[in-house]
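Right, one structure below, let's go through it.
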Amino acid sequence: MVPVENAEGPSLLKPKGRAAETDGSDRASGGPHPPWARGCGMYTLLSSVTAAVSGFLVGYELGIISGALLQIRTLLVLTCHEQEMVVSSLLIGALLASLIGGVLIDRYGRRAAIILSSCLLGLGSLVLIISLSYTTLIGGRIAIGVFISLSSTATCVYIAEIAPQHRRGLLVSLNELMIVIGILFAYISNYAFANISHGWKYMFGLVIPLGVLQAIAMYFLPPSPRFLVMKGHEEAASKVLGKLRAVLDTTEELTVIKSSLKDEYQYSFWDLFRSKDNMRTRIMIGLTLVFFVQITGQPNILFYASTVLKSVGFQSNEAASLASTGVGVVKVISTIPATLLVDQVGSKTFLCIGSSVMAASLVTMGIVNLNIHMNFTSICRNHSPINQSLDESVFYGPGNLSASNDTLRESFKGMTFHSRSSLRPTRNDINGRGETTLASLPNAGLSQTEYQIVTDSADVPTFLKWLSLASLLVYVAAFSIGLGPMPWLVLSEIFPGGIRGRAMALTSSMNWGINLLISLTFLTVTDLIGLPWVCFIYTVMSLASLVFVIVFIPETKGCSLEQISVELAKENYVKNNICFMSHHREELVPKQLQKRKPQEQFLESKKLRGKGQPRQLSSEV
């Protein structure tokens, strides 16, 4: 639970041995926060939690397809490519929405965007519930994708702009915590409805009431004070700040906001790619960071968790859904400490730890799966009802074949088929027992699908199966403390307020575009090169992300958004290696500025810029 403090009380989450303040002299001496920086009252907490409900809904929608797909692919007789399209259609909607989301957020406000996205969630969910065809299913998933993209961007920006600077990391990361809780509930729902007829409709419909309630609640919450200042409503912004900070005098914080926004009205979208205020470097950092979020493989674990777990030995839909629930539990448990400690430890440290552990776990997972000797997975087989009946007698899994016909089983034991064949089940009614056998018939009328005939399940050590699951869980845990929550905190901080919405929308487009590409090809690539080599590719990407974080990502804990913007505007930001700026206060801040208040530091820095002197940033804790 987030500690709540009144206007008079000190911070309850100070880093040990260091002052938690963000203004000049008070921070250096370990004194209390100024009133405008202290305010993390109940109203701020309530607004942040209500907005973060979007995170829960996003997580639920991202995770629910993992189990729903197991039922839908059989009901609608989906091919491998169609399964990929069902999963990826959500990402198509998200990508399309991200292209216009920034304009909506900057023009109509962060709160209005959240309300609109909740309405889209309800509409898309209704379409999914009544969908009776592949086409309507795709349409509903696209609508859900629009909700996810718009909601994700608006929520991060909204919380970052209403939070006091010393609680910003905690409150923004709350959104990621809600996302993983939503994923966990999605996996629980997958398990609960795994054996219920048309259970996928219940899975898709459970979130509608919560989405409606959030839209209503957000209507009564305040707009972002920074957005109000951007629109010229300074009096309204002052009132909102007073409620959020639980203080009467908001002059100082309002002055800082106005000063930081004064020169930002002239930003255009194309300024993101120009050298002005070093925006080109900032957008490069943002785009590369979200690239690594996706290219390290986490989306595939999220969307195809149940499918992948079936391929490594968790055989039934129910068993695979239950195992994927463990993935959700690990995500929640791992995200909680990252959320609570981000303001003390810093986002950069968590990113480094997460990328390192991800690489180690992926190597282990790849080596283990090499030893399982999976000659082929049955992920892409045809899931028609006739093949579903076959599943009762023939088990498809890594290193497994079992059939009621013992002679058939012995005949194929140890054999591997590398080419495609059309397999159909035939029902032997001659002996009256209705035993199922296999017939490999060319041009049998069924779609071309791939099967594996390999060794008995007894040949696959149980230890390897569980070690593979353990490696997967460690990988998920590492992602949940690093590349899961931290990039969105960094993105909400590194762009100036006047262009933040458009910058977030562009990085969101990159995020969804890469996600779409990876998810749309995962099953195909896995069939082509095998799961072990997919793991090794993700390992290389995790190590590359570690190097990128060390070199380029700033440590912004304890700094105000205005201070961060001033520092990143330096043309020699990367050359000066300011990545660990929290540990180099005296090098970064002229002594004459250290005793001044934040707004004075900001204005003085602007004067220094006009004289051709380097722009400096007040350090955080």
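One-based numbering along the chain as shown.
Backbone N, Cα and C define each Cβ position, glycine as well.
Topologically, per Swiss-Prot, T135 is found on the other side of the membrane from L568. Of the candidates N382, N405, Swiss-Prot records N-linked glycosylation site for N405; the remaining residues carry no such annotation there, which does not rule it out for them. Sequence-distant contacts of the transmembrane segment (169-189) (same chain, six or more residues past either end, CB-CB distance under 8 Å): 2, 13, 40, 44-45, 48-49, 51-64, 66-67, 155-156, 159-160, 163, 202-203, 206, 302, 305, 321, 324-325, 327-329, 331-332, 334-336, 338-340, 342-343, 347, 480, 484-486, 488-489, 492, 557. With helix defined as DSSP H, G or I and strand as E or B, the topological domain 'Extracellular' (70-84) counts 11 helix, 0 strand, 4 coil.
Of all the Cβ atoms in the protein chains shown, 12 others lie within 10 Å of the Cβ of N195 (N-linked glycosylation site). According to its DSSP assignment, N195 (N-linked glycosylation site) is coil. Under 8 Å from some Cβ of the topological domain 'Cytoplasmic' (106-111) lie the Cβ atoms of residues 154-155, 157-158, 161, 218, 221-224, 227, 230, 500-502, all in the same chain and six or more residues away from its ends. Between the transmembrane segment (350-370) and the transmembrane segment (112-132), fewer than three CB pairs separated by 6 or more residues in sequence fall under 8 Å, so the two stretches do not touch. Within the same chain, residues 44, 47-48, 51-52, 54-55, 57-58, 61-62, 89-98, 101-102, 104-105, 110-111, 113-114, 116-118, 120-121, 123-125, 127-128, 168, 171-172, 174-175, 222, 224-227, 244, 488-489, 491-493, 497, 500-501, 504-505, 508, 512, 561 sit at least 6 positions outside the transmembrane segment (142-162) and bring their C-beta atoms closer than 8 Å to a C-beta of that stretch. A contact between the transmembrane segment (202-222) and the transmembrane segment (112-132) is present, since 3 or more of their C-beta pairs, 6 or more residues apart, lie under 8 Å.
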